[in-house]
Amino acid sequence: MNKIYLILILFTFVGIILANVEKAEVSCTCDENCNDGNKCTLDKCNNGCCSNTPININDNDECTVDTCNPKTGISHTPVNCDDGNSCTADSCLCGKGCQHVPIACDDNNACTVDSCSNSTGCCHTPLSCDDNNPCTVDSCSNSTGCCHTPINVDDHNACTEDKCTQSGGVTHTPIACDDKNACTVDSCSNSTGCCHTPLSCDDNNACTVDSCSNSTGCVHTPINVDDHNACTEDKCTQSGGVTHTPIACDDKNACTADSCSNSTGCCHTPITCDDNNACTVDSCSNSTGCCHTPINVDDNNACTEDKCTQSGGVTHTPIACDDKNACTVDSCSNSTGCVHTPLACDDKNPCTVDSCSNSTGCCHTPINVDDNNACTEDKCTQSGGVTHTPINCDDNNKCTVDSCSNSTGCCHTPMSCDDNNPCTVDSCSNSTGCVHTPINVDDNNACTEDKCTQNGGVTHTPIACDDKNACTVDSCSNSTGCCHTPLKCDDNNACTVDSCSNSTGCVHTPINVDDNNACTEDKCTQSGGVTHTPISCDDKNPCTIDSCSNSTGCVHTPMSCDDRNPCTSDFCSWEKGCQHVALSCNDFNACTMDSCSNSTGCTHTPIACDDKNACTVDSCSNSTGCVHTPLTCDDNNPCTVDSCSNSTGCCHTPINVDDHNACTEDKCTQSGGVTHTPIACDDKNACTVDSCSNSTGCCHTPLSCDDNNACTVDSCSNSTGCVHTPINVDDNNACTEDKCTQNGGVTHTPIACDDKNACTVDSCSNSTGCCHTPLKCDDNNPCTVDSCSNSTGCVHTPMNVDDNNACTEDKCTQNGGVTHTPIRCDDLNSCTADSCSNSTGCVHTPINCDDNNKCTADSCSNSTGCCHTPISCDDNNPCTVDSCSNSTGCCHTPINVDDNNPCTEDKCTQSGGVTHTPIGCNDNNACTVDSCSNSTGCTHTPMKCDDNNPCTIDSCSNSTGCVHTPMNCDDGNFCTLDSCCSTGCTHTPIIIDDNNPCTVDSCCNSTGVVHTPVDCNDNNVLTCDYCSIKQGGKCIHVPMTQCKTFGKCGDDL
């Protein structure tokens, strides 16, 4: 079109030029003479010549086409800006020309998809809200758009999990309430859901500790009554107390030594009955103990001397009856032996033994009062009695056990002071007795706990110095012990308040510089001062009004360009400020009536397309108008019959799948088939028998728990099933045995309290049970010792009045006293010296032929008198020197094998040689150096285990020797570097500075070094906050618009 206008203009100018050429020669006197009849020229008369100049038709308006018609003159026709695009609003702006602004097609209906067609204009296509989810109801709201409302599957039963299936059905699956905890009873309440009731584990037994294991359930652990003493019987009482009753170890066997070991219990050690006498038969009687029965050497011939030899053989040596004594007539009778009729030599002196000497006649020898007991002083009294007064063996030495041996006299046995404690040095003081001095375990180190171990070793355990205070540095001084040095918390930062928390350690709290004015930048200076610098809020945007609020900071309020005219589009331009562009209301939609109201703005009133037919989908085409599309009722569900009603719309009638069997779940499958699945009737109740009836469905018949036992109470537990609890038959009478009979009755049979002990009176107490009262055996007889035998009862043993003197007649008097009346020993035989031996009684000693020479065998011959035959002293022992002393007799002196060296064991061999075997001094203790001194014997010198290393704990193990255990210097403080040096443990504070001024460095004793980033947040969302490492940790707050990258602030800005 513009080209046409240009051609017209060109033709017009050509015509004007041609006309002027034709009239170039016209002469004139005034302008009127020059009118060429063309309104497109300016006619002038200049110097008598006409000039017809084309006039300027340009109105400088780009929105007009300027033309000139010679007949009608100038015209300014508006430019046609229609670009043939229905999606633009075409207009012309002064200075800019045609403008093609895209139109807005938003119909403010969230249920349409808005678009624009260049040919037809705006299109509003109905939105499809089908989410292909059968478990939602799909709809559309004009204001919010598609709505997918989940279908309601809740059956209001907290014990089921309610779901919608892929086919759109609803399932209610019982939830599993098992919490896998055997200590709870799991159940489900329809209203509240799973219940986990704690299981009661009390077994009403005071002797068990009741607890519960999550995996196995109730645990009834018997309480530990063991006192680790095998000599006691350990029991728990009904009240929960503990008794430790000593056990009886008497095995009633006199042939064992009964004792008890705390570790192993009763010990019955067989006693040794060997008396080292080959002439006795050694045995033991379980009732009386050791028996030493002399072997029978008697050949029933009084005329032989019957003997048992040292080797156990028997000799019968004919006796010599010739006493070589003219004072006797010697003979021998096989029945009575030698007969020596003595002379009457009685001198009427009870203290002499009257005899007759073959050479001198009667001899009156003082009687032998020696009782062969070295422990008595023996005397003869004027009445002829013999006294044996015990001697005093006390040596006034507390380090000896004083006793007396009948054969050797007083014995002073060194006392054993070994207390079986390896931690004491045992010695003895003559005045006070045993002394047990604790060994010195002190290592003079206040940082160790010094102890002596059970095996005699010494341990030096480092003590713990942790005072649980994070504000102290804990260490230990070998001289003074634990040290708790206050922690230095000064961080040399004037902008923090330094303090210490006992639990966490140093705290460096930044001082508060906030003046509560968001319009200032608050800082703390290096000297500790505070500055509040006003911030700049200019955002260089002409479309905002910049200000600052003390509470929130910079405020950039958008400038309002609203001219209160809804028919203009108001906006603000960075270059020109507020702009008001006329609004085009043509939506080019055949489905709306378009208009604009100064009060309400553009209105696009939808036309009504409803044809009142529910079987059509009514819509409107932006290009053609109303459209009535038949409704598609196929729901793609093979389990429904689809149809449509003009009044109600689509109908989806479910096909009938019911097989009239209440025991099946009837369903239609996705392929359109029908399934009848048996339903599960398990009600998870162990007290019902679950079944199903085709007519009524699930049946839960109560379980019969009758066990046909009249002695139980039958019940049922929903979780475990039948419970058969024994009935209580206890009559609270400890004297009856309570039972339940087969018919359900209860019997209380008296218990038998007979303890088979004849020394107790047996009875029964209803509260405590059997009582066994000791039997009273006092017979009121002072001459009996009253006791009791468990098998026979009371025993009244006559009092032992025996004074062990066979020379007295011993009696008990009626008042309980004892008399010892000397007996008469006169046998009216003059050939014997009559006396009495305290041990054997009357002794009728043949007259003494002793020549006081122990080297002769003295005898008496009826015809010749005393005989003195030299004796043989050979003991057939090559290790003795045999000799004879007239005063003492045979002497068998052991040869001297002692080499005066205590380090050898000296022996004489069977061949008579001498050996000196070095002794072993090994005490099997690796902590001693064993050696032997020729002067003192074995020595066991304690080994020195000090390795002069302060970083080891030196001790000694009896089995392996010196042990150098590295000292544990760990003080449990993550803020110290623990090591050991020449002075012992050191705990050096670690370096926590990470050389980053943007972190607050600290150390927690329990966790170690913490580098906490400096908090630079000024709580202003319009600034980018960071800590600058380059500026020594200074907080920087940059306007967000100046940040280079989204979400990143730092030294790279």
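Keep in mind that glycine also has a Cβ here, set from the backbone N, Cα and C atoms.
Annotated features, as they stand in Swiss-Prot:
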REGION    38-1019  region '41 X 24 AA tandem repeats, Cys-rich'
REPEAT    38-60  repeat 'X-1'
REPEAT    181-204  repeat 'A-3'
REPEAT    229-252  repeat 'B-2'
REPEAT    373-396  repeat 'B-4'
REPEAT    445-468  repeat 'B-5'
REPEAT    493-516  repeat 'A-12'
REPEAT    517-540  repeat 'B-6'
REPEAT    541-564  repeat 'A-13'
REPEAT    637-660  repeat 'A-16'
REPEAT    709-732  repeat 'A-18'
REPEAT    757-780  repeat 'A-19'
REPEAT    877-900  repeat 'A-23'
SIGNAL    1-18  signal peptide
Beyond the flanks of the repeat 'A-19' (757-780) by at least 6 residues, Cβ under 8 Å: 732-735, 750-751, 786-796
Sequence-remote partners of the repeat 'A-13' (541-564) [C-beta within less than 8 Å, at least six residues beyond its ends]: 516-519, 535, 570-574, 577-580, 1020, 1022
For the repeat 'A-3' (181-204), sequence-distant contacts whose Cβ falls under 8 Å of one of its Cβ atoms, 6 or more beyond its ends: 157-159, 174-175, 210-220, 718-719
Summary of DSSP states over the repeat 'B-5' (445-468), given as helix, strand and coil counts: 0 helix, 10 strand, 14 coil
Within-chain partners of the repeat 'B-4' (373-396) [C-beta distance under 8 Å, separation at least 6 from its ends]: 350-351, 366-367, 402-412, 805, 807, 822, 836, 838
For the repeat 'A-13' (541-564), the number of residues DSSP places in helix, strand and coil: 0 helix, 12 strand, 12 coil
DSSP helix/strand/coil residue counts for the repeat 'A-12' (493-516): 0 helix, 12 strand, 12 coil
